[in-house]
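Participant: What TrEMBL records for this protein is below:
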- His37: active site, proton donor (ACT_SITE)
- 30-37, 147-150, Val176, 184-187: ATP binding site (BINDING)
- Gln61, Gln153: (R)-pantoate binding site (BINDING)
- Gln61: beta-alanine binding site (BINDING)
Amino acid sequence: MRTITDIREMQSIAIQLKREGKTIGFVPTMGYLHEGHLSLLSAARKENDVTVVSIFVNPLQFGPKEDLATYPRDFERDSSLAEKEGNDYIFFPSADEMYPVTPSVTAKVQDRTDVLCGKSRPGHFDGVATVLIKLFNIVQPDKVYFGMKDAQQVAVVDGLVRDFNIPVEIVPVQTVREEDGLAKSSRNVHLLPAERDQATALHQSLKMAESAIDEGEQDPQKILARMKEFIKKNTSGEIDYIEILSYPNLKQISRLEGKIIIAMAVKFSKARLIDNAIISVKKES
Ligand code: PAF
């Protein structure tokens, strides 16, 4: 496995690989890899000739009061995990390499951002879209792998690729969970021990909602109320949002039908956790 820190070097390797007719599978990350990332890498490994993992904590997608400075980082560990998974290249640029000057052009996401994380993190998805356009141009991937834990990100990136005619295929991969159901996340290391125990309530509340829908509940407000009560009762976290929307359009719905997403973000003392479930609501017979 090779680590590349220089944009032009990464780009010329990618161009050379394409000339040789090789397919490139790309896993963009902000590092501190966990099993979720490794499942993306393993899918990329299976479906492409060459894999590239990028590790870049993108300042553009963090708000002024967010955790850019404390975002967990451990390049040595990341690099050995990626190597064990059979990865070929790690692209690991510095912030100066990626943004040597304040960008004169950035992306503005128009749709699917006024809900969920987009609502509580203004500008976040603009930063994600901007860095991904750069990374796609540098790595020149055929397929790009994203975890469904951030389902809104997948929806936004789908729109980005469609609207900008970017010739890549987006491959969504299912969320990987701890044994007790907590979605794997780099931010989980910032949970205090008691919060770590409580954090399993996020997944439990989603399961509860799924069962209620299975049993015929059709009113999203009733489900949301039950979920909020459950989170309040079982965690010390503060609910940032719990929403039920259509998926992938992320529009408000007044009745549960079709494909929906139930998504939530809960703030613990030093970590804001997200989770979601995407459900195809069965039609009544
Ligand atoms: O999901 C992430 O880790 C980031 O948003 C991404 C896609 C690597 C862009 O910085």
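Every residue gets a Cβ built from N, Cα and C, even glycine.
Heads up, TrEMBL stuff is auto-annotated, nobody curated it.
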Participant: How big is the Cα-to-Cα gap, in Å, between Val176 (ATP binding site) and His37 (active site, proton donor)?
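Facilitator: Taking the Cα atoms only, Val176 (ATP binding site) lies 9 Å from His37 (active site, proton donor).
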Participant: Measuring Cβ to any atom of ligand 1 with a strict under-6 Å cutoff, which of the recorded positions Met30, Gly36, His37, Met148, Ser186 qualify?
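Facilitator: Among Met30, Gly36, His37, Met148, Ser186, near ligand 1: Met30.
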Participant: From the Cα of the residue listed as 'active site, proton donor' across to the Cα of Met148 (ATP binding site), what is the distance in angstrom?
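Facilitator: Distance (Cα to Cα, whole Å): 11 Å.
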Participant: Given Gly36 (ATP binding site) and Gln153 ((R)-pantoate binding site), what distance in Å do their CA atoms have, once rounded to a whole number?
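Facilitator: Gly36 (ATP binding site) to Gln153 ((R)-pantoate binding site), Cα-Cα distance: 15 Å.
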Participant: Within 10 Å of the Cβ of Val176 (ATP binding site), how many other Cβ atoms can be counted across all chains shown?
Facilitator: 18
Participant: Of all the recorded positions given, namely His37, Gln61, Gln153, which is spatially nearest to Ser186 (ATP binding site) at the Cα level?
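Facilitator: Its closest listed neighbour, by Cα, is His37.
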Participant: Using Gln61 ((R)-pantoate binding site) as the reference point, find which of the recorded positions Met30, Leu33, His37 has the shortest Cα-to-Cα distance to it.
Facilitator: Met30
Participant: Highest CB neighbour count within 10 A among the binding-site residues Gln153, Ser186?
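Facilitator: Sorting the candidates by Cβ neighbours within 10 Å, the top entry is Gln153.
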Participant: Which state, by DSSP, holds Gln153 ((R)-pantoate binding site): helix, strand or coil?
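Facilitator: Reduced to three states, the DSSP call for Gln153 ((R)-pantoate binding site) is helix.
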Participant: So how many other Cβ atoms are close to Leu33 (ATP binding site), meaning within 10 Å of its Cβ?
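Facilitator: Leu33 (ATP binding site): 24 neighbouring Cβ atoms within 10 Å.
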Participant: Would you mind reading off the Cα separation of the residue listed as 'active site, proton donor' from Met30 (ATP binding site), to the nearest angstrom?
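Facilitator: Distance between the two Cα atoms comes out at 10 Å.
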